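Asker: The structure that follows is given in the form of structure tokens.
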Amino acid sequence: MVVPCVAELSDPVNDAMVPRRCSARIKKLKSEQEAQRERESQRVRCRSNDDSVLGKKTKVYKKSKLVTPSQAQAQAQAPNNDVTVATVDNDDVTITNVAAPNDCTDHPVPETYLNPQLSGNGTEKSSHARVTETLRIFNKHYLHFVQEEEIRCGRAQADQKTKKHSKSKEAEDDGKRSSKRPDLKAISKMISEKEVLNRERIGSLPGIDVGHQFFSRAEMVVAGFHNHWLNGIDCVGQSAGKKGEYKGYSLPLAVSIVVSGQYEDDQDNYEEVVYTGQGGNDLLGNKRQIKDQVMERGNLGLKNCMEQSVPVRVTRGHRCVNSYVGKVYTYDGLYKVVNYWAEKGISGFTVYKFRLKRIKGQPVLTTNQVHFTRGCIPNSISEIRGLVCEDISGGLEDIPIPATNLVDDPPAAPSGFTYSRDIVCAKGIKFPSAPTGCNCHGSCLDPRVCSCAKLNGSEFPYVHKDGGRLVEPKAVVFECGPNCGCGPACVNRTSQKGLRYRLEVFRTPNKGWGVRSWDYIPSGATICEYTGLLKKTDQIDPAADNNYVFDIDCLQTMKGLDGRERRLREVSLPGYWHNDAEKMSDGGPEYCIDAVSVGNVARFINHSCQPNLFVQCVLSTHHDIGLARVVLMAADNIPPLQELTYDYGYVLDSVMDREGKVKQMACYCGAADCRKRLF
């Protein structure tokens, strides 16, 4: 029986099992109270000896960040360390994974931020991390080109209003330069900057497991998984015969196929595929066959795979409203070509048919069974297994947030806090007055005239696509506020529009509570704001067992302190901020958000060493950077029921016990590049 959940709860149920996103400052104070005076005296002596240490304090938290193109280029050129070997006999092929020799060059500088090949624990980045970073670079380029087109359209619309429906020459010139295929422009840019993963190889690819989902064909191209954005068959051509790895093979060889309903004769039974060969269909029309196929290119490549027992990667495309192409593509594993023949197709033209059978020894995962990580998304809350609370927000959110618990016996709901959509100010704290705002009407269209856009580097930080997506992380985002002339639908109010995705709080076996989504989430989308009780940092009791404190440390990030990535160049800050930034960041964050007793769904989001969310500071109702809103946004395209995570950012060996010894806590995030320790 499900007990109805209310917004105000009590009697915590083991919420303190795992440290949440707690300020490392609080952790440190708790563990070093008895030695604090001695540390202060040592700090004073050090400052007298070396003025350069002024302003450097141990601040653990840092924002998760996207890599730069130069970092991605180095990663793309790095060798992979995993090799998948296919052992073939007359009837079956069995997959085994073996480790390849480590032939990477030594790295003279161990710090991760100086060497993009290194993960958080100082080891070489995994192939999974390199794939993730490559896809993030693609999404950044893609959204930049979407932004370029939206700016052109916005300018044209604004010019129509001011010039009585006549486009200006500038708008027309912009239109000639723009592309309606930002995905193809992103591919071209990444190829020119050598940011793609060029991996024309047989079998599985390191970093892309069975069940991996791509949001577009373009993502498959930049990841080196399927090197044609249109063709259904990806082949190793005759020119590759000079490479030693293809010595002894008859080329061409098909290495990958995409089954996505492009041909009217395809038959897909998941464990077995009857794939219609390449050519002869009307790709730009009704996709019906309009001429005979011939045994060449991809068709010949599949025939050669059958004759030489070469496995083929099979990916299936299915409908997805969150993907910009209307589909999502799931890698379903390696198949072998067992037969082929020619026949008259439905339209009366000759087509080649290839029967492929799924290879044994792979994860039991097929597209029809597992669109998501556990079965299928329920149609209603009442269908959820392990339901312990129908809505932890108590009706405060527009979309209910159910909670499930299949771990505890007896199962219990999350408790011990009062749900709040908004920040609650502690006694004596008030937000500054709202700024003047922009003079736009209806919706902000032209960054040349919008004063809020000028603060964002003379551009809108979001694009309209998919309900609003942040193009890339920024030092701070200036959104339109209460005194702006635009309305609530303005794209520059994206983070103020509340929950957009169906979230679920669920109990994990070893990490306490976690959060996941029932919907596909595109990169750059807003997930939620981190809410709680707004306090001054010196009001936090270091002796209290509080694991929900979040420092508002935007200034520290903007200055690039403690290894953070500087983003200051991306915004135009008011002049008086520079003095305030110098003064406030040296002294540490002045304010924090305490979500131990008051908060929203964000308080349940867990840490990961390779997170799929990042933290973005946002200013909307005021322009005080020390009181910026803390918003969690998607760093990747996130499939349904993948746990949502961000990096708590603890520096290893930074937490001490009362005796001054380093304290350690294991990390259970499960990431390929997990640091193995939370701190």
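Glycine is treated like the rest: Cβ placed from N, Cα and C.
As the structure is a computational prediction, the values presented were derived from the model and not from experiment.
The following feature annotations were taken from TrEMBL:
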REGION    29-51  region 'Disordered'
REGION    155-185  region 'Disordered'
COMPBIAS  168-185  compositional bias 'Basic and acidic residues'
DOMAIN    203-358  domain 'YDG'
DOMAIN    436-498  domain 'Pre-SET'
DOMAIN    501-649  domain 'SET'
DOMAIN    663-679  domain 'Post-SET'
Asker: Please list, for the domain 'Pre-SET' (436-498), how many residues fall into helix, strand and coil according to DSSP.
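Answerer: DSSP classes over the domain 'Pre-SET' (436-498) add up to 14 helix, 8 strand, 41 coil.
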Asker: For the domain 'YDG' (203-358), would you mind checking the mean pLDDT of the predicted model?
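Answerer: Across the domain 'YDG' (203-358), the average pLDDT comes out at 87.
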Asker: With helix taken as DSSP H, G or I, strand as E or B and everything else coil, how many residues of the domain 'Post-SET' (663-679) land in each class?
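Answerer: Helix, strand and coil residues of the domain 'Post-SET' (663-679) number 0 helix, 2 strand, 15 coil.
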